[in-house]
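Data block below; observations after.
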Amino acid sequence: MAIDTTLPETQATAPDNAVRSAALVSEGEFARRVTIAALVVGAIVVLFAVLYAMLDVLLLGFAAALIAVVLRSIADGLEKHTPLSPGFALLVAGVLVFGALGVAIWLFQAQVAAQLATAAQTATGALEALGQKVGAPDLANQISGRAKEILSGQSFIGKVTTYGVSALGAVTDLVLVIFGGVYLALDPKVYRRGVVMLFPAQAREHVDETMGVAGRALRLWLLGQLLAMVVTGALTWGALAMIGLPSAAALGLIAGLLEFIPLVGPFAGAVPALLVASGMGLPAVLWTAAAFIAIQQVESNLIQPVVTRRSVAIPPALLLFAVIAFGALFGALGVLLAAPLAVVAFVAVKKLYVRETLGEATPVPGEKGAEHGSGAAPRDVA
């Protein structure tokens, strides 16, 4: 009698099929997860590549935000103390800021044009005197002839073209920054909400608070820097005028503007004045150097303590390395914006990391009461 063995064989192979199916599902799930991980990593790499390519644009955007902070600070003050409407207050703020900038540029151009002529005459006389001493009375003429050869060459034309393109690009960037700052100042809440929406929902409240605190810290820092710039420029103007240097107003303006760059700016501001003084002899150079040393002592020991008491105190080492790092990354614009970028980074690290992540009670620059040394986290954030 024949026996059917099909059923036992099917029953025997069923567990093997289940194992194979589970293995196939497991392999499919693993492949899916690997694909998702690869896509996420690729997206992150692309994002960082795009951000790296847009570093200059992001820096210009920060410069526009800085201008917006200046305009809104002045406009808010006008709204608070005058019956001006918000729109008209912002218009007056723009006229004041850009009008002052235009006057400074005009004064600088007028003074520098006269000073260049004086410097050229002084340099020619110095070369003639040097030629007489070394036995080459036509040294000035030889250098002048060589300069004409260089100026008439194709290399000079190429350099002029390169510098012209760079200058045109700088002017274009300046115009974009100005218009961007005006648009940001018109309705900053719209752009602030847009930035906050880029973060996960659970982090948006902290990001929004941090942006508000950073904005107030920038206002305080800019106010302190403006006071230091005005005092430094005025003292430099007066001191150089007493010494008898030509174009003392322009040199004072240069020193005041360069005071915006912490630590490095005061030294850079002294260079033009020392160069001008070198054409007047050693006594003028010594008096000019002494004047700048005295002004920096006054600024460091009298002005800065008063400013930082009501403003934002950033560790000097942090400012120094910020200037070096951003200067290496972005050039002159990075040096110019290094300090305000350091202020924003300092606020973000203290609030989001030290306080929110580590749970440490620490004062954050820009919060109400922080300038008085309060370490408590205030409920009402400016």
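Every residue, even glycine, has its Cβ placed from backbone N, Cα and C.
Per TrEMBL, the features are as follows:
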TRANSMEM  30-51  transmembrane segment
TRANSMEM  57-75  transmembrane segment
TRANSMEM  87-108  transmembrane segment
TRANSMEM  163-186  transmembrane segment
TRANSMEM  220-243  transmembrane segment
TRANSMEM  249-267  transmembrane segment
TRANSMEM  274-298  transmembrane segment
TRANSMEM  318-349  transmembrane segment
Same-chain residues near the transmembrane segment (318-349), Cβ under 8 Å, at least 6 residues beyond its ends: 55-56, 59-60, 62-63, 66, 173, 210, 213-214, 217-218, 221-222, 225, 260-264, 312, 364-366
How about long-range neighbours of the transmembrane segment (249-267): same chain, 6 or more residues beyond its ends, C-beta under 8 Å? 104, 107-108, 110-112, 115, 225, 228-230, 232-238, 240-241, 273, 276, 292, 295-296, 299, 314, 316, 319-320, 323, 335-336, 338-339
Give the nonlocal contacts of the transmembrane segment (57-75) in its own chain as ranges (CB under 8 Å, at least six residues past its ends). 51, 86, 89-90, 92-94, 96-97, 173, 176-178, 180-185, 188, 215, 218-219, 222-223, 330, 333-334, 337, 340-341
